[in-house]
Amino acid sequence: MARDFPLERVRNIGIAAHIDAGKTTTTERILFYSGVVHKIGEVHDGAAVTDWMDQERERGITITAAAISTSWQDHRINIIDTPGHVDFTIEVERSMRVLDGVIAVFCAVGGVQPQSETVWRQADRYSVPRMVFVNKMDRTGADFLKVNKQIKERLKANAFPIQLPIGAEGDLTGIIDLVSNKAYLYKNDLGTDIEEAPIPDEMKDEALEWRSKLMESVAENDEELIEIFLDKGELTEDQLKKGIREGVLKHGLVPVLCGSAFKNKGVQLVLDAVVDYLPAPVDVKPIQGVLPNGKEDIRPSDDNAPFSALAFKVMSDPYGKLTFVRMYSGVLSKGSYVMNSTKDAKERISRLVILKADEREEVDELRAGDLGAVLGLKNTTTGDTLCTTDDPIVLETLFIPEPVISVAVEPKTKGDMEKLSKALQALSEEDPTFRVSTDQETNQTVIAGMGELHLEILVDRMLREFKVEANIGAPQVSYRETIRSSSRGEGKYARQTGGKGQYGHVVIEMEPAEVGKGFEFVNKIVGGTVPKEYIGPASNGMKETCESGVLAGYPLIDVKVTLVDGSFHDVDSSEMAFKIAGSMAFKDGVKKCNPVLLEPMMKVEVESPDDFLGSVIGDLSSRRGQVEGQSVDDGLSKVQAKVPLAEMFGYATQLRSMTQGRGIFSMEFANYEEVPRNVAEAIISKNQGNS
């Protein structure tokens, strides 16, 4: 089957931004003007094509990265609309990994907002060329040039306007294209009647000034153009387009456009710019990978190269399990067998589809540069490489951030336990930032994710898609107990109930052990006061008592016990009697050894703009945190602290609120430390049922 579009005329792009900047509305207008949909769907009406999950339509936010194919000016454009909420950062991350170019949407009023910085950093991580659409120019307070300045200063990007708005706020009537040096005036509300006209007299001077600056900026990136510009003092439209494109591909220039997607102004010009300036698969560096012998290799964007693709998303839907793939090289055919080189497993390609949000079109093959989905894969998960068995390669995978919040989950009815397990397995296959584990001590199922909204929506999906009602609670903190002093303990177990009785007697010395030793047992019995066969059971009795502690039922750690004396009975002594005696001696001794409660301490690192440094440190201190270090570099502050795990629940939400969404943090286990007396008393009282 021949190609519908040559690779040079394919664009794989993402639309990404801060929440509420108008990404999904922009995508909807692109689909409308390019003929994919014949009626405009609005996000606030719950009718957007790319927002096809129930929760997306209810909440008016984009949760999953919806992939859509359309065409414009004889080019195939594959678009991914990504969420702007920080809880769904993996959707942006995996999109950036497989895209060739990005349209970053900014609000003309809000400008560079918190999530825009995060998205920009993600695009930087994968070196994705980009252009900017300053949206919502119809809103009160819209300021195109101010936003352009913010992008330059806060994102350190060489952003340059290639358009100017004619009017603003309620009077946005058209757009000046500085490249063609023409004005485009909108004559109807639907944005379909556009008049190409000369630049209005009152804006000629401003347009001339910005066009001259644009020519100069473009020429600086190209030796050939700088000579022409110095010789003739200007560049032609074609030369400007060539220079802008080169600047975008080399990451030396970010063209900035303007308009209002909601008011149907500027979107067709955005599509023109995608075709003119963003890269085709052949314009970006070939994908790198590792061969079975450990050597690095590349796969060029070429139908004739060995097949390779990256699975960047797995989704369960009513039609079955869909695996989204980015084709990097070769051809993938329906019915063929391929290798999952990441897992060293063979896979069969049952069906292939390209998507238009929740609609799909079956195809016989996918080719280099395509974004599509595969049905029938059993072992493939996000980040896996698919390739030919003859030419195996493992492609660079994607960065998967660690979850930052966790909660306990259980089904509302015991009969739903199996359904809950299946739901959790399916959801964790789809989303690599959603982790499921079982707490070995509490036996609770614990789910972890990127934020409270993330987990809330996953629990909601369990109900809608898997018909499982679940109770959600805070996870139990894994406290521990230990001792701070030494003492002796004695346990004597004697029972006589007719016939053979029970008798066991041990004397022990207890003391704190080295940190990390857990339970340490030493036998110092001499003279056979306790026969050898009873020493093991006595030790086991103590060890088992360790598992449930003496203060609040938590495991006792770092305790050294020395068996020093005891007695036995020739007839009545037994292993069980000595096991019970060992437990009694342990409980007797530990009460006299100043037992204390320990809590897990977490190593926390917080990164935020330095404006929020004081708030971040103050908040960590209020959580019983100990600040261990801080630094400020290029407007960004980093704080290192040790904070009790018990105080970190809800921190992701608090940090986001405190830093306007611009703070990020990482957290890992450090060590156990003693719980302050007042906190310990409350925990012990609660666990003993006195609360």
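The backbone N, Cα and C atoms fix where each Cβ goes, glycine too.
Confidence in the domain 'tr-type G' (8-282), given as mean pLDDT, stands at 84. Taken from Swiss-Prot, the feature domain 'tr-type G' covers 8-282.
Swiss-Prot lists 17-24, 81-85, 135-138 with the feature GTP binding site, giving sequence analysis as the kind of evidence. Under the DSSP three-state reduction, ALA17 (GTP binding site) is assigned to strand.
Summarising the environment of ASP20 (GTP binding site), the number of other Cβ atoms within 10 Å of its Cβ, over all protein chains shown, is 18. In the three-state DSSP scheme, MET137 (GTP binding site) falls into the coil class.
Its Cβ taken as reference, MET137 (GTP binding site) is surrounded by 27 other Cβ atoms within 10 Å in the chains shown.
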